[in-house]
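Comments concern the structure below.
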Amino acid sequence: MSLFGGRGPALHIELESIPPVYHKQPVCHATTPGYTETDPDELRKLCGPSTSGFQTPKTEPTTPSALENSRPPSPQQNETTATTDGVQAVGLMPSVNSPSINRWRLLAACMLIFTNGVSDAAPGALIPYMEKHYSIGYAVVSLIFLANAVGFVTAAFISQAIYSRIGRARTLLIGVLLLAVAFLAISCAPPWGVVVASYFLIGAGMAFMLAQCNVFCSSLQNSTTLFGYVHGSYGVGGTISPLMATAMASRGVKWSHFYLILLGLSVVNAIFVPSVFRGSEKDSPIPVAAQIGGSAMSKREVLKKSMKNKYALLTSLFIFAYQGAEVAIGGWTVSFLIASRNGDPAEVGYVVSGFWAGITLGRFALSPVCHRFGEKRSVYCLILGSALFQVLVWTVPSIISNAVFVTIVGILLGPIYPCTMTIVTRLIDSHLLVTSLSLISAIGSSGGAVAPFTTGLLASRFGAWVLHPVSIGLFVFMEGIWWTLPTVRKRSE
């Protein structure tokens, strides 16, 4: 049945209750060959002599059925096996508590994504001050979004090769160091061209980190909830960032000094993150060869297969629209309230914190609910609700009402990302997963730049109110893409 045809019955894929990110490995038993008519003396030779002078009487298997029953049991479905040929070792799918270091790795992933959230939400509050400092308009200031996306896409397509050479810990360290360099440069309030170039480095650094954090979460039990925690940390950063930036700028602190806070976070991450992720590939239920494409398949072939994978491409388009709407709302709502509602920059700057607080609340509180209700059905409802409340922000001429509605939009958008990551990790083969997630992140991040950049261009000509039709159009596009993805059901235990 075509996924792109008419409204036929939905495609159902039966899976484990724990969202798997890999397919069951071939079972290899290190046992004797199939039964043949063997002399009892020969069987004794196969078993070997007793290590003691006394032998315990035992019954030799004398029929094919008895011999089969004497073999060790096959691994359970959530186990895999190991052989000298490289098949994975027997073991349960790891959880956040087993091995215990995964708790620290989860904390490290949350810290990385928290820093990303602080960085991404800062322009929403600081754009008016940037425009004043550099004497630029909407269109020129939008270049930071474009540079961020170009950096992200560029790094996303090379992060796979880097990961395969140096591993997860060092790949994450590269991302952290790129962010540190960029934050240091911006904190000095350099010429505008340097600020734009620094946002290129920010995008590149985030690309190195995001795919690795997503793969780590998807390799653990109850990944939907863990995605909610990690990407909920993004919302926490996005909530705190405009509050601090607005408070500092409105009290006369130079806008660029806010990036010293981000520099400090990057220094902490550079110390903590590589140490806890060192050797993390060994704990993954997916063989490292599978994560990086397998020895039998070149990196180019893996990338080619990932780019042709319909689920990876559809999810990329979905995240493109999702991040486009999210960053556009977070980046331009303050400008809309100033231009269309005559708001005071020192006051309406806090409104965007409500939006990011909603993102946070939605990811922490609603992600487990969506997991129980079903991720596919939940996302339909969340997108529809987001579009309706965005219409209210557009049409109700009240700053207080707009602030409430924007917060609700954030709450509804919050669980969509973790739900989407859970669905896609069930649909894509394990040996394509890292590359596919990098592709999804790259295309998705470009949406987080194209939509705000387009909004800025349109706003420079028509006004900041264009934020709303752009966002609503993206929500409609998301509903259409989500409809084309198959329904994924978990097999009951």
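Just so you know, glycine gets a Cβ as well, placed from its N, Cα and C.
If you check TrEMBL, you get these features:
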type	residues	note
COMPBIAS	49-68	compositional bias 'Polar residues'
DOMAIN	105-489	domain 'Major facilitator superfamily (MFS) profile'
REGION	32-83	region 'Disordered'
TRANSMEM	136-159	transmembrane segment
TRANSMEM	171-192	transmembrane segment
TRANSMEM	198-217	transmembrane segment
TRANSMEM	226-245	transmembrane segment
TRANSMEM	257-277	transmembrane segment
TRANSMEM	311-336	transmembrane segment
TRANSMEM	348-366	transmembrane segment
TRANSMEM	378-397	transmembrane segment
TRANSMEM	403-425	transmembrane segment
TRANSMEM	432-453	transmembrane segment
TRANSMEM	465-485	transmembrane segment
Problem - Beyond the flanks of the transmembrane segment (403-425) by at least 6 residues, Cβ under 8 Å - result: 19-21, 214, 217-218, 223-224, 227-228, 230-232, 235, 311-312, 315, 318-319, 322, 325-326, 329, 333, 351-352, 354-364, 366-367, 369-371, 375-376, 378-379, 382-383, 385-386, 389-390, 392-393, 396, 433, 436-437, 440, 485, 488
Exercise for the section: Would you confirm whether the transmembrane segment (257-277) and the transmembrane segment (171-192) meet the contact rule of 3 or more C-beta pairs below 8 angstroms, pairs 6 or more apart in sequence? Expected result: yes
Handout entry: Feature contact check the transmembrane segment (311-336) with the transmembrane segment (198-217), CB under 8 Å, 3 or more pairs
Key = no
Handout entry: CB contact flag for the transmembrane segment (311-336) and the transmembrane segment (171-192), at least three pairs under 8 A
Key = no
Handout entry: Interface-richest range of 171-192, 432-453, 465-485 toward the transmembrane segment (378-397), CB pairs under 8 Å
Key = 465-485
